[in-house]
Protein chains: 2
Amino acid sequence: MKYGIAVFPSKKLQDIANSYRKRYDTKYSMVPPHLTIKDPFEIKEGELDNIVKEIQKAADKSKPFQLKVLRYSSFYPVTNTLYMKVAENKELKALQEKLNSGLLQKEREHPFVPHITIGQEMNYDELSDVFGRLKLESIEHEETIDRFSLLYQLENGAWTVYETFLLGERE
Amino acid sequence: MKYGIAVFPSKKLQDIANSYRKRYDTKYSMVPPHLTIKDPFEIKEGELDNIVKEIQKAADKSKPFQLKVLRYSSFYPVTNTLYMKVAENKELKALQEKLNSGLLQKEREHPFVPHITIGQEMNYDELSDVFGRLKLESIEHEETIDRFSLLYQLENGAWTVYETFLLGERE
């Protein structure tokens with residue numbers, strides 16, 4: 001089965017992202033707005049428990065982090081994607097690295113660029129029109145993230161949360 | 001904010017449910033297939049931590065349960081809803097009661113009928129046509145449920161998982 005790891009930001013930020021996704025994101029109905037921490041990867045049935053333990057260890061050893069949206073940006077011309085660019089910081093980077101080491105290691109196809117997608121598979125004219133407008137907009141948003149989710153993909157392409165993990169050890 | 005508590009069954013059962021929901025469920029894109037354990041309820045911002053602790057206690061004191069789908073059924077004429085009827089059992093009933101007592105108490109509008117919706121807001125002709133066919137189909141499916149999810153609703157009506165809770169205390 002295909003799994004992925006993502007952070008769901010606050011309802012406030014998800015609502016802002018959805019106001020764009022509704023029109024511009026072909027995956028709008030597949031999953032709520034999110035920041036992907038680990039790209040989709042395969043887990044075989046017998047391996048799930050061990051992988052979950054490994055993810056739990058990574059979560060325990062991590063810390064809550066600040067999610068700060070810097071601006072709107074685009075992956076064009078690599079892909080016709082629009083996104084909210086999220087500031088890198090050492091806690092987020094450390095978490096992403098922990099979730100990609102040991103049992104969880106997997107070659108990344110691209111460097112890790114923290115972002116929240118708001119449009120994808122857009123045609124060029126629409127992308128350049130919308131991006132042209134969004135470049136002029138300032139977006140000031142910062143929040144604390146204290147959890148992330150392991151999700152799996154259904155046959156229709158939608159994602160269901162398997163488990164949430166809190167960042168840092170609890171008392 | 002509006003919260004709800006639901007169980008997401010296995011991918012296999014979700015895929016079966018989605019094969020119907022795609023055509024017959026107006027909420028298809030809002031949330032993956034699920035068994036609602038606690039109807040939508042309001043949590044004020046300052047109350048969330050206490051409510052989550054209460055839910056954690058209820059989860060700790062509960063046990064994994066068997067989810068057995070008995071047959072297809074309908075709430076018609078109360079609502080034009082089609083669903084998979086899930087067998088009641090004492091673990092599920094105890095969990096549902098714990099999640100509706102103490103801090104979590106709320107009057108239910110209807111008695112608790114465990115089910116997984118596969119169609120809703122259907123027009124009468126389609127409902128009676130599809131239900132007529134499904135009544136003749138046998139559905140044999142049983143699985144163990146060891147977790148449930150607390151979700152919140154976004155402005156567009158979709159649901160995001162806030163936290164998953166494992167049933168029974170872990171070592």
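Cβ coordinates are placed from backbone N, Cα and C, and glycine is handled just like the others.
Any TrEMBL annotation is an automated prediction that lacks curation.
Pulled from TrEMBL, these are the features on record:
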ACT_SITE  B:His34  active site, proton donor
ACT_SITE  B:His115  active site, proton acceptor
MOTIF     B:34-37  motif 'HXTX 1'
MOTIF     B:115-118  motif 'HXTX 2'
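Take the CB of the residue listed as 'active site, proton donor' and look out to 10 A: across all protein chains shown you find 21 other CB atoms.
Across the structure, B:His115 (active site, proton acceptor) and B:His34 (active site, proton donor) are spaced 8 Å apart at their Cα atoms. In the three-state DSSP scheme, the residue listed as 'active site, proton donor' falls into the coil class.
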